[in-house]
Structure formats: structure tokens, C-alpha cells
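Pulled from TrEMBL, these are the features on record:
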- B:48-69: transmembrane segment (TRANSMEM)
- B:81-110: transmembrane segment (TRANSMEM)
- B:122-140: transmembrane segment (TRANSMEM)
- B:160-188: transmembrane segment (TRANSMEM)
- B:200-226: transmembrane segment (TRANSMEM)
- B:241-267: transmembrane segment (TRANSMEM)
- B:279-300: transmembrane segment (TRANSMEM)
- B:320-341: transmembrane segment (TRANSMEM)
- B:348-365: transmembrane segment (TRANSMEM)
- B:385-404: transmembrane segment (TRANSMEM)
Amino acid sequence: MKKLFSRRNFLKGGLATTAAAAVLKNKETKASGDFEGYPDGMGVLVDLTRCVGCRSCEAACNKEQELPEPAKPFTDFSIFDEMHHGQKRRTDETAYTVVNRYDVPELDHPLFRKFQCNHCQEPACLTSCFVNAYTKTPEGAVIYNSKVCVGCRTCMIACPFYVPTFKYSSAFSPKIMKCVFCYDTRLKEGKAPACVEACPQEALTFGKRVDCIDMGRQRIRETPGKYVDHIYGEHEVGGTAWMYLSSVPFDKVGFDTHVPKEPIINSVKDFLAMVPMVLTIWPGLFVGFHLLATRKEKMMEMEKEKELAKQKATDEKEEQV
Amino acid sequence: MKLFSKERPDIPIVNHLKADGTEWTVKEKLWLGLSVSEYKKQFFRNPVNWLMIAIFAVGVPLIVGRYIFGLGWVTHASNDYPWGLFLGFGLFGMVPLSASGFMLGTTVELFGRKDFHAIERLALLNGLLGYFFAVLFLEVDLGMPWRLPYPMFVSLGPAAVLFLVAWHVATYLSVQIAEVLPAFFEWIGWLKGKRIIRKYVLGLTVAGIILSTLHQGALGALFTYAPAKVHPLWLSVNFQWIHFFCSSIFAGLSMVIIASTLIKNFMGWRCDDEFKDNLDYITIGLAKGASYAMITYLIIKIVAVAHDQEWSYLLTGWGSYYMLELGVAVVLPMFMFAIGIRNKWVTLIRFGAFIAAFGIIWNRLNTALICYNWQMYQEIPHWKEVWITITIYSLYFLTYRFIVYRLPIVYGWKGEK
Ligand code: SF4
Ligand code: SF4
Ligand code: SF4
């Protein structure tokens with residue numbers, strides 16, 4: 001049953017019957033929904049045990065992406081104590097990546113976690129966007145086209161990692177802002193992203209996603225006891241290009257361990273499968289109801305007509321007589 | 001208006017002809033047959049209008065400011081809470097309350113229930129305006145409001161739920177315009193137009209059911225994109241679309257009961273006898289329909305909790321809040337309807353309808369705002385956001401009243417049929 005119902009098939013089926021499908025001559029529609037991931041996609045393995053919270057990656061990203069200068073310099077570590085609504089720092093329109101500090105009771109030193117878009121294999125942002133503003137490139141980056149974005153912010157609702165941020169401060173050219181894997185400036189040419197290159201601790205390792213997984217497994221295997229036996233991002237929401245290794249359970253260092261293991265789009269399937277059914281079944285059903293409901297009236301009308309005709313005939317007869 | 005309608009025999013206008021045999025011009029019809037100074041007098045005599053003026057005095061500058069200084073200037077909507085009050089109330093709340101159009105269209109045109117005829121047009125108008133203003137709320141909320149047609153014509157993402165919502169709301173809006181047009185044609189006296197639309201009524205009605213089922217459901221399905229964010233009691237991945245669709249049925253019916261109650265009490269001069277005499281009977285009928293939908297809704301809500309194995313959540317604080325919502329928003333009005341139907345206590349039904357409509361808005365706000373990110377923190381809307389929401393809602397009220405004052409919605413047009 002699962003096979004029969006693969007997303008690709010059923011989306012095609014769904015589309016064929018969607019009223020809107022008639023106008024779909026757009027080649028790009030391929031990119032939405034039925035993306036399977038690219039075998040040669042790149043990835044980054046983040047090793048939390050190596051990160052020292054120097055914020056070099058933040059600084060490098062800020063420069064590479066030409067983001068505004070922050071209020072406090074990147075050498076100011078007091079920001080690790082900042083809290084907003086009881087939450088640690090998050091990315092926003094001025095920062096595509098942030099590093100946060102986590103004090104774990106059983107360790108004598110804090111852990112740091114770098115956080116940015118995880119560049120999912122089947123991105124929820126992409127599948128939820130109704131103008132196709134997102135693209136998953138063959139290199140593995142999830143990039144965004146601000147020229148077609150309407151600003152509905154559904155992608156922000158859909159992203160399980162709270163990544164896309166909106167430029168609320170602008171009335172005339174707002175847009176979604178998030179890490180783009182340095183796609184235009186580096187990834188396209190096969191180069192490592194700026195943040196990875198800037199890391200002095202080699203906490204970030206850039207490579208093919210499959211190789212990153214291998215490397216992660218190898219590290220777990222070769223240094224027993226150092227890591228928990230899990231690569232965060234290998235399977236989360238269907239797999240992500242950025243993955244993490246940690247020495248403590250992931251929920252202790254700010255990861256959401258409740259995100260589904262399947263791509264987000266899977267939870268929307270029930271509804272999408274229902275759409276073509278309603279489109280095809282409803283018209284027949286309701287016209288049928290209509291005929292049934294109004295039959296009595298019609299019969300009565302017909303009766304009346306017959307009566308009238310009879311009356312007329314008898315009248316005529318009488319006249320003849 | 002009451003004053004004039006009592007004193008002057010030719011007002012309210014229900015005919016193309018004045019008492020002296022000459023024809024009303026459209027302009028005179030627009031002024032309700034009053035002179036400008038008379039019109040002003042009646043306008044400023046009404047305390048509701050003063051309230052409106054006060055609301056607009058603050059609200060309009062705020063809306064203008066939103067387009068100059070950006071969304072951030074008026075809302076607390078943030079990167080964690082992308083959808084605030086504009087969508088939570090304006091889209092997710094207004095749309096189910098506007099399900100009345102397809103409900104009554106189906107009842108009258110499709111099932112041939114002529115006994116509900118007197119309220120059909122009010123239900124259609126209620127639907128049309130509700131949708132129109134939901135789009136207006138959307139226009140305030142969208143980051144790039146000028147790109148509203150993009151999902152239609154420029155860049156299509158057909159596999160997204162919001163794509164369905166956009167297309168269906170847009171097409172359904174045109175269906176509803178077509179359904180309300182006959183009233184307008186009668187009023188301006190263009191009978192040919194009316195006859196043309198009459199021919200397509202069945203098609204329009206069927207289209208209405210399909211589109212409504214899908215987009216009422218789709219609004220629910222939007223939240224299935226956030227399976228880990230909305231509180232599990234308010235989000236049932238498998239049933240969300242049915243929950244939204246089913247609750248829209250009693251929401252729409254309750255909303256017509258409310259609208260007709262208000263109109264009967266405050267615009268009695270505008271209603272004709274068919275409307276006034278049938279209203280109690282119709283209200284009971286609507287309540288019957290609504291209570292069936294409510295019992296179904298309650299059952300599928302419980303089925304969802306059972307299916308997702310969420311019983312333990314019911315024992316938490318959120319669980320109590322959930323039960324409170326179901327109790328106040330569904331069970332209470334359902335009993336009021338049941339008792340009202342049984343004893344023919346129309347007033348009780350009308351109170352029940354108010355509670356049910358409030359309950360729907362409450363449920364949608366819970367899903368979109370209050371129980372969203374329940375594990376993180378609570379978002380409290382900015383006062384400007386609240387004020388803008390009230391402003392647009394007031395505009396909705398004024399438009400509603402403007403049309404009901406004039407077009408044959410709650411009265412039959414006399415003269416050529
Ligand atoms: S992490 Fe969020 S924004 Fe990044 S690709 Fe995944 S769903 Fe999209
Ligand atoms: S905000 Fe833009 S990118 Fe995000 S879903 Fe809406 S249209 Fe797509
Ligand atoms: S990959 Fe590029 S855009 Fe993303 S966080 Fe690193 S430097 Fe910034």
C-alpha cells in the first residue's frame with residue numbers, strides 16, 4: 001500500500017484532477033513536493049564536542065552574506081546569557097546563524113551549538129510555499145527567490161526548526177531571510193561555506209552528505225563513550241544536509257527531539273489525497289441529491305399538466321358534442 | 001432610518017416607482033430616497049455610527065502606518081509566531097463564519113427547501129462579505145500585498161495546501177458574487193442579467209459546495225504542516241480538515257441566525273413580512289441543522305483524541321482548557337439549541353448562536369495563536385494589531401449594513417419579476 005501511495009504518484013494524480021492543473025505549464029513545478037534529494041548533495045557535520053563558542057562562524061557569515069553590523073561585536077560573549085521570551089538567541093533578519101551556550105549538569109564545561117538552516121532533504125518550507133519560492137539545488141542547498149515570495153509566512157509555520165525569518169521591519173521590500181548554504185558565492189563552485197571555513201576548531205566538516213554520515217558513524221565507533229549514538233539530522237524530518245554529533249542527549253543542547261522522523265509533507269498527505277476525491281465525487285453526489293430532492297415537485301408538476309391536458313381533451317369533446 | 005420609514009410612505013424603497021408614478025434614479029436609491037441633509041441627519045442620529053467614527057479615527061492612521069513602516073510597526077507577529085491576529089481572526093475565524101452561503105444555497109437550490117427561501121439571500125450575502133473581508137485581512141497581513149495574484153498567475157506551487165486555499169477562495173468568491181448579483185440586478189432594474197444567472201444557479205451551487213468543502217478543510221490542513229508546534233489536542237494530523245470543515249457548518253448557520261436577529265431587531269423597517277413572519281420558523285430549522293453538525297463535530301473530536309492516544313493530555317492544564325473550549329463553545333450551545341428547538345424558544349436559540357459563533361473564533365484563535373508553540377511561550381497581540389483588526393471588522397459591519405439597507409436581501413423586490 002505504501003508503495004502504491006508514493007507521494008510522487010499521488011501528487012501527480014491529485015494535480016491531474018485539480019482544477020488549477022489546467023493552467024500548469026510551468027516546468028518548475030517539478031521542484032515542489034516530489035523532491036527526492038540528490039545523491040551528490042553536500043552536507044556539514046557539526047561536532048558539538050569540538051565547538052568552543054568563539055563565534056567565528058557568526059562573524060564569517062555576517063561578512064559573507066553582507067548582513068548589518070550587530071549591536072554587540074562578535075567577540076562579546078555576554079550574548080550567551082541573553083534570553084528572549086525565556087528562549088535563547090535565535091536567527092533573525094540580521095543573523096543567519098547563531099551559537100548558543102548550554103550548561104549541562106553532568107559536564108564540567110558548557111557545550112555550544114551552532115544553529116542555522118539545516119537544508120532538509122525534503123524541506124517543509126519548500127513544500128508549503130504556494131508560489132514555489134524555494135528551490136533545493138543539486139548541491140544540497142535550500143535557496144529562496146525573493147522575487148516571487150508573497151510574504152504569507154507559511155514557510156515559517158512549516159519549518160520544524162524555526163529557521164526562516166521575515167524582515168518585519170521593511171514595508172517596501174520585506175523578504176524571508178535564512179542561511180543559504182553560501183550557495184551563490186561558494187557552494188555553487190564546490191567551495192565550503194564561509195562559516196565552515198572560519199571555524200578554528202574544525203567543529204564543522206564540509207563534504208558530501210553521505211560522507212558526512214560515514215564520518216559521523218566512524219567517530220561514534222572509534223571513540224566509545226564520547227558521543228551519544230545518534231547523528232541528529234540523519235533521519236529527522238526525512239534527513240537534513242546539516243547534521244550534528246553530541247556528547248549528551250540532544251534535547252539537553254537545544255535540539256527538538258520531537259520532530260517527526262518523516263518529512264513534514266507526509267502529515268499533510270491525508271488532506272491532499274482527499275482533494276481529488278471531493279473534486280470528482282461531490283458533483284455527481286450533489287446533483288443526484290438535487291434530482292432526488294426535487295423529483296416530487298417535478299412529478300407533481302407533471303401530474304398537474306396531465307390533469308390539465310385531460311381537462312382540455314374532455315372540454316373539447318364536450319364542445320364537439 | 002426608522003423615523004423616515006414611518007413618516008414617508010415611499011420609504012423604504014421596494015419598487016422602481018415612486019408614489020407619484022415616476023421612477024427612482026439609482027442615485028436616489030443610493031441615498032435611500034432621502035435628501036442629503038436628511039441622510040446626514042439619520043446618519044449622525046445613530047450612536048453606532050459615532051462609535052464607528054471613533055474606531056476609524058485611530059484605526060485608519062494605523063493601517064496607513066502599516067504600509068509605510070512595515071508589519072513590525074503594528075504587530076507582535078514574530079519569527080516564532082508568524083501568524084498573528086490578522087490571520088487568526090480575520091482569515092481563520094471569518095471564513096468558517098461565512099460558510100452560510102454554501103449551506104443555505106445548498107439547502108434551497110439543491111435540496112429544494114423553499115421554506116428557507118426568505119433567508120437565502122442574507123446567507124449568501126453573509127458568505128460573500130465574510131470572504132471578501134477575509135481577503136482584506138490577508139492584504140493587511142501579507143508581506144507583499146501587491147503580489148496577491150502571484151500564486152494564481154506568476155509562480156505556481158500547486159502541491160502546497162495554501163495554493164488550494166488561494167485558488168478556491170478566489171473562485172468561490174466569484175461564485176458568491178454571481179450568487180448575490182441577482183439582488184443587485186433587481187435593484188438597478190436589469191432583469192436580463194438576473195435571468196442569465198438564474199440559468200446557472202445549480203452549477204454555481206454545486207461549485208460552491210465543492211470549493212467550500214475543500215478550502216474550509218484546507219484551512220485546517222495548513223496546520224498539519226506544523227505537527228510538532230500546535231498542541232496535540234488542537235491538532236489532529238489525520239482529522240484536522242474534517243474538524244475545520246464540520247465546525248464551519250454550524251459556524252455558518254449560527255452566523256446567519258445572528259445576522260438575521262440583528263437585522264430583525266435593528267432594521268425592522270427594512271424587512272418585509274415574508275422575512276419577519278418566517279424568521280422564527282427558519283431559525284429553528286437552522287438550529288436543527290447546526291445541532292446535527294455539532295454532535296458530529298463532538299464525536300469526531302473525541303475520535304481524534306482516541307486515535308492519536310491523547311487521553312493523558314486531557315489531565316493537564318491544557319487539557320482542562322481544551323475541555324472548557326469544547327464545553328462552552330460546542331456542548332453549551334448544542335444544548336441551548338436542543339432545548340430551544342424542543343420548546344420553540346427562539347430567543348434561547350439566538351443566544352446559543354452567539355455563543356457558538358464566539359466559540360468558533362475562539363477555537364481558531366486557539367489553533368493559530370494560543371496553543372501554537374505551546375512549549376515555547378505565549379504571544380500577546382500588539383494593541384495596534386487589535387485596533388486594526390477591530391477597524392477592519394467595523395468596515396465589514398458598515399458594508400454589510402450599507403447593502404442590507406438597499407438591496408433586496410431581507411425583502412422582496414416589487415414590480416417586474
Ligand atoms: S531547516 Fe527549515 S528552512 Fe531550512 S530547509 Fe529545512 S524546512 Fe527549510
Ligand atoms: S512567505 Fe514567501 S517563501 Fe514563505 S511560503 Fe509564503 S510565499 Fe513562500
Ligand atoms: S552556510 Fe553560509 S549562509 Fe549559512 S550560516 Fe554558514 S556562512 Fe551563513
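A Cβ is built for glycine as well, from the same backbone N, Cα and C atoms used for every other residue.
Stretch with the most C-beta contacts under 8 angstroms to the transmembrane segment (B:122-140), considering only B:81-110, B:200-226, B:320-341, B:348-365, B:385-404: B:81-110. As a quick check, the transmembrane segment (B:241-267) and the transmembrane segment (B:160-188) miss the bar of 3 or more Cβ pairs under 8 A, pairs 6 or more apart, so the two do not touch.
Tertiary proximity for the transmembrane segment (B:81-110) is limited to same-chain residues at least six positions away from its ends with a CB under 8 Å from its CB atoms, namely 75, 116-117, 119-120, 123-124, 126-131, 133-134, 136-138, 140-141, 169, 176, 179, 201-202, 204-206, 208-209, 211-212, 215-216, 219, 244, 247-249, 251-256, 289, 357, 360-361, 364-365, 367-369, 372-373, 379, 381, 385-386, 388-389, 392. Between the transmembrane segment (B:200-226) and the transmembrane segment (B:160-188), the number of CB pairs under 8 angstroms, six or more residues apart, is three or more, so the stretches are in contact. The stretch in B:48-69, B:160-188, B:320-341, B:348-365 that contributes the largest number of Cβ pairs under 8 Å to the transmembrane segment (B:385-404) is B:48-69.
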